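If you look up Swiss-Prot, you'll see 24, 81, 121, 457 marked as (6S)-5-formyl-5,6,7,8-tetrahydrofolate binding site. The domain 'TrmE-type G' feature in Swiss-Prot is assigned to 218-381. What Swiss-Prot lists as GTP binding site is 228-233, 247-253, 272-275. Residues or ranges marked as Mg(2+) binding site by Swiss-Prot: 232, 253.
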């Protein structure tokens, strides 16, 4: 029997131990599993309390069972659910009983969702939305993923595809029956008007979703600077926990430390890097190299100033175009909080150039950190752009729709040069949008997507 024809089961709730655990079974033998273990199949969509027994008649647990007859189920197949007490012993006994039934096996990661997709219960964009929802860290990410799961992009793409097929049919009819006089001479005009409108809609969707993938992937902020400038202290202050070791000795941080923050709903990865300086220590040299690389690839760099070190940021991380803020730390020690320090004085240091933002803080005491966080939040508002309300949430979506819009534009440009050429470009656009929805040529995408799901989903 092919694996996709076998019945699958998995824990669909949290890790044990727990008060309640939900074990889901999907496939042709789901009803058999209920009969063998629960004694009977309950009324559809009705919870029933039963004593579960293994195939030798030994009691497993006092539990609740439910039955969802396919295709009116989450996967489109027959589905059974066992709601048991969430101890490892109970679950192991239930798993052993299920495994002893012919053609029933443990599920692979994402296999329930893959079966739902293959049975037409969800499209590929909705499956991607579910993946994003499972991995959402912030409320803004959750809301974006939920809209995707509810079909925001899928519904729009299906309508585009339907209208393109209608327009293509008109043009194909004009090609097939032009010599028979069955089709009006102006058949091409309404079809191409529809094509032009759909192209504009796709382009407007792309424009309205500019940089929308950013909310899903998050922003990276690197804390860089010379040794002992207080980078780890600032990381801990922003993370509100002891994520990095703090020491008065220079060179304590030798590797890159990452902390994930929820900044007013925006996902931000904060990176603490090794102090950048010239050193003969090979381990510290590797840390400095990694620090430079991560700072150069970050979306924003916070450079902690050190008045005792003349090394400027442009001398250490290069001119990569990464936004850079200068943060003067240890104002409680240097006296900058009361000496009336002029921000322009800092801009004039050799090799530093004109820097857009300056902040004076004490990472150890917290002075000025609230202002820095407020500035980071404001920066995030602009950096994430339309991500929260975007229709497009993945680079895959963007690439496909850009190609579809290009094909439609090419179809418009080919008017008068042969209806066959126009029709072919429209067919390409139809196939592309079908690929967006998961209708054609997407096995490689499915394997990658569902591999990232947890077992039981």
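Count begins at 1; order follows the chain as displayed.
The backbone N, Cα and C atoms fix where each Cβ goes, and this holds for glycine too.
Feature map: annotations from Swiss-Prot on the structure.
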residue : record                                              : Cβ neighbours (10 Å)
24      : (6S)-5-formyl-5,6,7,8-tetrahydrofolate binding site : 23
81      : (6S)-5-formyl-5,6,7,8-tetrahydrofolate binding site : 21
121     : (6S)-5-formyl-5,6,7,8-tetrahydrofolate binding site : 18
228     : GTP binding site                                    : 21
231     : GTP binding site                                    : 32
232     : Mg(2+) binding site                                 : 23
Compare the Cα of residue 232 (Mg(2+) binding site) against each of the binding-site residues 24, 81, 121 and report the nearest. 24
For residue 231 (GTP binding site) and residue 24 ((6S)-5-formyl-5,6,7,8-tetrahydrofolate binding site), the CA-to-CA distance in whole Å is 48
Return only the integer: C-alpha distance in Å from residue 228 (GTP binding site) to residue 24 ((6S)-5-formyl-5,6,7,8-tetrahydrofolate binding site). 54
Could you find out if DSSP has residue 232 (Mg(2+) binding site) as helix, strand or coil? helix
For the domain 'TrmE-type G' (218-381), report the average pLDDT of the model, please. 72
